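Worksheet for the structure shown next.
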């Protein structure tokens with residue numbers, strides 16, 4: 001029998017408390033369509049689906065002819081499946097973790113270290129920073145998606161500092177005036193002033209910031225009840241985050257960080273040292289295989305304000321600059337490629353119109369993971385032992401240089417995402 005190099009996966013679910021509940025969650029919907037035997041509990045959060053070989057969520061191989069139970073074990077025994085370049089560059093490891101996220105309440109204000117800082121943090125505090133790798137990541141919206149990402153243009157921050165006296169009080173007049181005076185002709189001066197303001201905010205005394213936050217929430221709630229416009233104080237978002245994380249310093253970061261809104265298919269890329277927090281919505285996400293996260297608010301987890309304030313990229317930019325473009329493939333007009341400026345991963349969005357009944361998932365020189373978001377098909381491959389039925393929620397592992405023919409059976413085409421490594 002020919003060696004099986006394309007096979008379906010059953011993937012790990014993470015029930016973090018910020019996830020959407022039951023079948024409100026895209027993760028739960030994909031699970032229940034992909035495997036009808038899965039029982040979805042209506043009051044349980046379904047936050048993340050992990051598609052990959054990460055030790056804390058190694059995918060199970062759904063093909064009993066394969067002796068290895070998990071994808072990680074199979075790759076360790078068959079490293080050539082990664083593709084020659086990927087295998088050599090990433091020491092025989094799958095370099096990415098592919099996910100679906102369903103966000104109901106905000107994730108922590110966080111950033112991910114570059115490789116140099118990751119190695120240092122891991123050596124010093126292995127209990128908080130479990131590996132020595134960087135963790136760039138990309139999110140592509142499946143439903144309307146909101147996140148905080150990167151520092152706002154200075155004029156927006158200054159406007160909030162003038163409209164929100166409680167914020168101004170926390171940072172102090174000296175630092176605020178330095179930011180107000182910093183000119184766009186001196187980007188280093190702007191970054192330095194921004195760093196001072198943000199660090200003063202994040203390091204403010206707990207009792208002081210809780211008092212100021214309570215005053216601010218009370219004032220905005222009253223203004224909202226009176227029907228006043230609270231947008232000058234970012235009122236709606238403030239009240240929402242405060243209801244999720246009362247008394248949390250992270251509530252004030254909305255005055256410094258861009259609010260980025262993605263429509264389905266739009267993406268944001270989060271490089272090293274970029275402050276961010278996902279707020280709500282469903283997305284597919286791909287990242288380098290790491291768990292290193294430096295957090296500073298909107299979380300009950302370990303926070304490391306000093307490291308965060310030291311490491312951040314304090315370059316202001318408009319929210320529109322945070323949307324990462326997909327490029328239509330010249331080889332196949334149904335494929336849109338999101339190829340970030342890191343070697344670890346890329347994502348393809350494959351939209352097959354209803355008019356196409358036979359479609360080839362082409363071979364690439366990298367292992368890849370394919371996720372079906374909508375549509376049904378039967379897949380055949382010379383590297384699969386038998387036909388594979390694909391429907392919403394199906395996940396396939398495809399070894400390097402293998403292709404799959406899809407025989408479509410759905411009336412309205414298919415939508416697929418494919419994570420890979422384009423070296």
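Each Cβ is built from the backbone N, Cα and C atoms, and glycine gets one as well.
Just so you know, TrEMBL annotations never went through curation; they're auto-generated.
As annotated by TrEMBL, domain 'Phosphomannose isomerase type I catalytic' applies to 6-154. Across all of the domain 'Phosphomannose isomerase type I catalytic' (6-154), the predicted model scores a mean pLDDT of 96.
TrEMBL lists 110, 112, 137, 276 with the feature Zn(2+) binding site. Cβ-based neighbour count (10 Å, all protein chains) for residue 110 (Zn(2+) binding site) stands at 26.
Here TrEMBL flags 170-257 as domain 'Phosphomannose isomerase type I helical insertion'.
Residues or ranges marked as active site by TrEMBL: 295. Around residue 295 (active site), a 10 Å sphere centred on its CB holds 22 further CB atoms from the protein chains shown.
Per TrEMBL, the feature domain 'Phosphomannose isomerase type I C-terminal' maps to 338-377. Only residues 6 or more beyond the boundaries of the domain 'Phosphomannose isomerase type I C-terminal' (338-377), in the same chain, are considered here, and those with a CB under 8 A from a CB of the stretch are 9, 30, 34, 51-52, 75, 81-86, 89-90, 94-96, 98, 100, 134, 136, 138, 140, 142, 265, 267, 269, 271, 284, 286-289, 324-327, 329, 331-332, 389-423.
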Neighbourhood of residue 112 (Zn(2+) binding site) by C-beta distance under 8 A, where only residues 6 or more apart in the same chain count: 134, 135, 136, 137, 270, 272, 273, 274, 290, 292, 293, 294
Rounded to the nearest Å - Cα separation of residue 276 (Zn(2+) binding site) and residue 295 (active site): 10
